[in-house]
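To keep things clear, I will list the structure first and then write my remarks on it.
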Amino acid sequence: MIPPDLRGRRERDPFWVAVNAAFNGIQRFRSLRAPAPPAVRPVDRTMRLTVQEVRREAEDVVSLRLGAPDGRVLPAWQPGGHLDVLLASGRRRQYSLCGDPADRRSYRIAVRRLPGGGGGSVEMHGLREGDRLAVRGPRNAFPFLAHDRYVFLAGGIGITPILPMVTAADRYGADWSLVYTGRSRASLPFLDELPARRVTVRTDDEHGVPSAADLLGDVPAGTAVYCCGPAPMIDAVRAAVRMDATLHYERFAPPPVTGGKPFEVELRRSGRTLPVPADRSALDVIRDVLPDVAYSCRQGFCGTCRTAVLSGDVDDRAPSDQGDDSMLVCVSRAASGRISLDL
Ligand code: FES
């Protein structure tokens, strides 16, 4: 408010008008001379690691040991953690850490080769000792929590997050057991690293495909069940596990689409409109025509497939896929009709 003039009047006094103008001029002059604030630069948390060792662990499975080129200590991780791997092709993939968390100079991951997959596993199998690999993390979406009793269930390459958990449970004296399943013994990586006394190996060629009851057995109340494997295995275990046990699971393949309705996805930049049937994800349909579209987990938690929505309403199907003009095309769908994407 303009103060009263020297005679107590409220109209604009030339004296105060002059004082204000001088003050504003000084402020403007100072702001012109002040150095511009430094630009905010995004922090690049990518590590460029060297492939130190490639080992064949089972049919179509190799492990890779990664370390810093200068041998420095790497960020710590806990059982259940994974790395985001940024491949030279631009693909991103996530691989569970399956080495020893106490080893701070190297990470170990393992990859099953899937020739009919999205190409990431084939590219990983092409890596050789001495190659460089860009990674981010470690991150943990499958935390291993302290319990007195565990039942671990692993299907094939699903052993990778379970292996460090088993080792930790064994180290601190928990009561635990593991059922490890797969097509055949030759397809099961890391069998020789598991303490045989607590491990039951069930292979399809010897025992047939196991039911959830075969896997779970008689789980005592209060047991923590940790499960990683193909989607049908996890779905069966989820349906069968008793109410007083706690179930923790991680899929390495996307869950089937349930409750989906057909819609159309318009790829505005590509000039294509594609029908998405009720039982397929938008990502899978888009990959048919844009095979290099970015994705990783295909389960709605990594954010790699987030795509700008240009028009249409989104049926958000991931907790993190809400509140802005984009969608995770691996799980979310159009609420109705058609959705247009910036692809
Ligand atoms: S691929 Fe991970 S959120 Fe879609």
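Glycine is treated like the rest: Cβ placed from N, Cα and C.
Feature annotations, reproduced from TrEMBL:
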type	residues	note
DOMAIN	44-145	domain 'FAD-binding FR-type'
DOMAIN	263-343	domain '2Fe-2S ferredoxin-type'
Going by DSSP, how much of the domain '2Fe-2S ferredoxin-type' (263-343) is helix, how much is strand and how much is coil, in residues?
8 helix, 27 strand, 46 coil
In the domain 'FAD-binding FR-type' (44-145), how many residues does DSSP assign to helix, to strand and to coil?
6 helix, 46 strand, 50 coil
